[in-house]
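According to TrEMBL:
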type     : residues : note
ACT_SITE : His37    : active site, proton donor
ACT_SITE : His120   : active site, proton acceptor
MOTIF    : 37-40    : motif 'HXTX 1'
MOTIF    : 120-123  : motif 'HXTX 2'
Amino acid sequence: MPRLFTAIEVPDEIGLALAGYRGGLSGARWIDVENYHITLRFLGDIDEETAQEAAYLLGQVRRPPFEVTITGPDAFGGGRPRALVAKVSPSPAILELQAEHERLARRAGLPAESRKFAPHVTLARLRDASPRAVADYLGLRGGPPGLSFRAEQFVLYSSRDSVGGGPYVVEAAYPLR
Ligand code: 2AM
């Protein structure tokens, strides 16, 4: 079964700048720069028919391009940090696009996503990284990086069947207009 998710791609020059966050934290497994993305809606391992339906519904989305602003590095997981991320400003445009993907996913028959949407680019997965080390890392690197770009489309990505992880393949691209 294909494992699918919708996302905003990260342009090469932004990826290059975000790559500056790599290194300096033990227990971090750094994501390859070409796999950086902003997940909008994780669809999961779904059957071909549901995937076709979701792809069709995504094609009905009519929304204008919008500005994406990276606000800075952060960690998810609190006392047990599990991911290092570059947070993305939760602008009305990205929240509305994500909410529309959520509605479409449900129309395609998928269960509701229970987690609150917090837009981000995952930079590293963390294993055995201490909260202290993560705090120190963020202390040295914190602050807004002054990075933004215009999202002109969103995409449907597939990842390795039932396993997840990159490389991610663009199965379909949907212009924002
Ligand atoms: P993450 O970056 O926060 O880990 C492809 O796997 C993308 O879908 C990843 O960016 C990941 O988000 C997200 N993802 C993976 N498994 C998920 C799940 N069970 N629920 C929601 N999102 C998931």
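Residue 1 is the first one shown; counting continues down the chain.
Cβ coordinates come from backbone N, Cα and C, glycine included.
Cα to Cα, His120 (active site, proton acceptor) and His37 (active site, proton donor) are separated by 8 Å.
Around His37 (active site, proton donor), a 10 Å sphere centred on its CB holds 21 further CB atoms from the protein chains shown. Long-range Cβ contacts of the motif 'HXTX 1' (37-40) within its own chain (Cβ-Cβ under 8 Å, at least 6 residues beyond either end) map to 5-10, 68, 88, 94, 97-98, 101, 117, 119-121, 154, 157, 168.
Neighbour density for the residue listed as 'active site, proton acceptor': within 10 A of its CB lie 20 other CB atoms from the protein chains shown. In terms of DSSP secondary structure, the motif 'HXTX 2' (120-123) contains 0 helix, 4 strand, 0 coil. Mapped onto DSSP classes, the motif 'HXTX 1' (37-40) shows 0 helix, 4 strand, 0 coil.
Summed and averaged per residue, pLDDT over the motif 'HXTX 2' (120-123) gives 98.
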